[in-house]
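Before any comments, here is the structure.
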Amino acid sequence: MSNNMRTRKGLAVLAAWAAMAAGACGGVDVRDESGGGEGTTTDGPLELAVVPKAVGHEFWSTVQAGAECAAELAGDVTVEWDGVNAETDVEGQVNLIQNFVTQNVDGIVYAATDSAALAPATQNALDSGVPVAMIDSGTDPQPDEVPLYATDNRAGAAEAANLLADALGEGDHDVALIEFQPGSQTNTERVEGFTEGLSQHGNLNLVAQQPSLSDVNEARRVTEDILTANPDLAGIFAANEPSVLGAAQAVEAAGRTGEVVIIGWDAAPDEIAGLRDGQIAALVVQNPFRMGYFGVQNMVEHLREGTPMESADTGVTFVTPENIDSEEVKAVLEPSCDNPPVDQ
Amino acid sequence: MFPVSRSLRSDPPETTVTGMESPTGPRDRLRAWLREHLSYAVSEFTAATALVVLFIALSLASPHFLTADNLFNIGSQTAVIAIIAVAQTMIIITKGIDLSVGSVAALAGVVGAIVVRDLGFSVWEATVVAIGVGAAAGLVNGLLVASARLPPFIATLGMMSAGRGLVFIITGAVGVYSLPESFQLLGNGEIAGIPFAIVITAVVALAAGFLLSQSRFGQHVYAMGSNLEAARRAGIPVRRNLTAVYVLAGALVGLGGMVAASRVSSGQPNYGIGLELDVIAAAVIGGASLFGGQGRIAGTLIGAFLIALVRNGSVLLGINIHYQQVIVGLIIWAAVYFDQYRRRRLEARG
């Protein structure tokens, strides 16, 4: 998931996705009344703990902004924002969650640094009567009454294949896939989503698939070689920030900017610049603001009105040179509580 | 006493470098010289043969391989690995090893990028800074090895971890972007139509080759790697020289990191994870011995290109990355096995 950390903002544009996401994320419709809150509602001020995978990254700062925005709009809600310094500090996060349970906060909204190691921490909170909502990354197993607000990578990548098909138009086209970290969950979801999406377009032929190992140099190298081996290559889907940047540089160095359509993922400053320069046709951008916002908003409604919390796809936005300056995309790329990118 | 020197003393005298122990007569000296140079020629011949065979095979297998663009691409792709493999070779000759090259290259690259972005340094000033960062890391490695007497594996293992941590601290684990186009000079620029990265690699290789084979310092480097205790007794300032090797190697790693950053026009915190494996493999395939005292820059360059060809060819032929790693592993085994086999035969005859 570390590539996601660097990601900025995103916003769903396809309403249909909510339904898909609920299925993909194992969302539930029925709240288990034995869970936190015992089915009762809480009046008065609420204190919520919101815990990212790690503090200090832009991605998580945006999650924080979303959480605080939801708290502000709900009124009388305090967000306790605290996290470990490194995503690898799994034990530190277990302790942190435990401490919040001990403090008897009203609810915990957090992103698990490790899906297995944090499962007992979630269960412990529920057992102590503290409801839990997960953002970005859930636990395994994840109790039924605990929702997950996260990006549906599979759906986003499938849509990237559609974007590529749209950009290339009629006729047969050779395309390539630059994945990042073979074996990682996020990578697998994006690769499978993209290849499933491609299968809907018989005129697109996947001729090469190589990993960047989340290293721009490696991404550039494999893309250069893919371009060499496939002089007719028409399109590339690069599945995370370093992959996109390396692919764009390789295409530019080969003098084929514009001839080879690049669909990317994430929205690092150089990716936005590449989009404006015409090196990149479109970017799939996640919405960390919405993760924080949904987590807190749904938790507050659950606590105050007893509404069951349901998992939801926080969605992705497809940023193109045409829409990059639109209000809607700006809200995703530079989110603020004045114009929160969370319309539902 | 260095912990490594104990085992070194039992090494056969054949590995002792020419000029360190006075042979009894001109005939002995000639034989020693011949054996020395034949041994290098053998390992370089083995690696070069593999390189040529692979080159021909790829030319036949892919119509796109033997094109000027692809060959320049391979040259540029190999540049950073070759520069850093030269550094690794110097350290391996001293019977050391440097596991920290990837972390130090990343550190130098992100610092070089940051001083350009935030302090307005020119690309040349940033290169000097990056080389300085590498040299400073090398100095720490060198002091840990030569003065604190940690085994090189441990000293540089620590630097591998600490260096990567520093990279993440400095960058907040986010790439350093928004650099001016001039930053791309080292990695993407050209001189007379030849990629600048290739020119830098050639200069580094020639200078390092000259230093190792022609200078007194170079002689000392081989002598220390062959038998540290003997080198000390022969009056070589072992501690100072060993530290100097690590500093010099660190400086080259810093330069390599800057070229890598320049090539992608950004400072990448994830750069160089696993790089140490590639450069150690390049040196070993080229005939450098992890037992010290042996290795030449020419061989290392051949090794670096061999690995680059495998990677390039794999993508051209659409071979999965996991197989690429297996292939590189097989080549390391084969190269070292044939090398040792032929040397044994040579020594049996000599």
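Keep in mind that glycine also has a Cβ here, set from the backbone N, Cα and C atoms.
Keep in mind that TrEMBL annotations are predicted by a computer and have not been checked by a curator.
The annotation region 'Disordered' is assigned in TrEMBL to B:1-25.
Sequence annotations record features per position, and here TrEMBL assigns transmembrane segment to B:38-62 (among others).
The transmembrane segment annotation in TrEMBL covers B:74-92 (among others). Packing against the transmembrane segment (B:74-92) from elsewhere in the chain are residues 98, 101, 105, 152, 187, 195, 197-198, 200-201, 204-205, 208, 212, 221, 225, 245-246, 248-250, 252-253, 255-257, 259-260, 263, 275-276, 278-280, 282-284, 286, 288-290, 292, 295-297, 300-301, 303-305, 307-309, 311-312: each is 6 or more residues past its ends and has a CB under 8 Å from a CB in it.
Positions annotated as transmembrane segment by TrEMBL: B:99-116 (among others).
For B:128-146 (among others), the entry in TrEMBL reads transmembrane segment.
As annotated by TrEMBL, transmembrane segment applies to B:153-179 (among others).
Listed as Cβ neighbours of the transmembrane segment (B:191-212) (distance under 8 Å, sequence separation of 6 or more from its ends, same chain) are residues 72, 75-76, 78-80, 82-83, 86, 89-90, 93, 185, 218, 221-222, 252, 255, 259, 263, 296-298, 301. What TrEMBL lists as transmembrane segment is B:191-212 (among others).
Here TrEMBL flags B:242-261 (among others) as transmembrane segment.
Taken from TrEMBL, the feature transmembrane segment covers B:273-291 (among others).
Sequence annotations record features per position, and here TrEMBL assigns transmembrane segment to B:321-338 (among others). Remote same-chain residues near the transmembrane segment (B:321-338) are listed as 46-47, 50, 278, 281, 284-285, 303, 306-307, 310-311, 314 (criterion: CB distance under 8 Å, separation of at least six residues from the stretch ends).
Simply put, out of B:38-62, B:99-116, B:153-179, B:242-261, B:273-291, B:242-261 has the most Cβ pairs sitting under 8 Å from the transmembrane segment (B:128-146). Most Cβ pairs under 8 Å with the transmembrane segment (B:242-261) belong to B:99-116, among the candidate stretches B:38-62, B:99-116, B:153-179, B:273-291. Counting same-chain residues at least six beyond the ends of the transmembrane segment (B:273-291), those with a Cβ under 8 angstroms from any Cβ of the stretch are 11, 15, 40, 42-44, 46-47, 50, 81-82, 84-85, 87-89, 92-93, 95, 97-102, 105, 160, 164, 298-304, 306-307, 328, 331-332, 335-336, 339. Sequence-distant neighbours of the transmembrane segment (B:153-179) (same chain, 6+ residues past either end, Cβ-Cβ under 8 Å): 96-100, 102-104, 106-107, 110-111, 113-114, 116-117, 137, 140-141, 144-145, 265-269, 273, 276.
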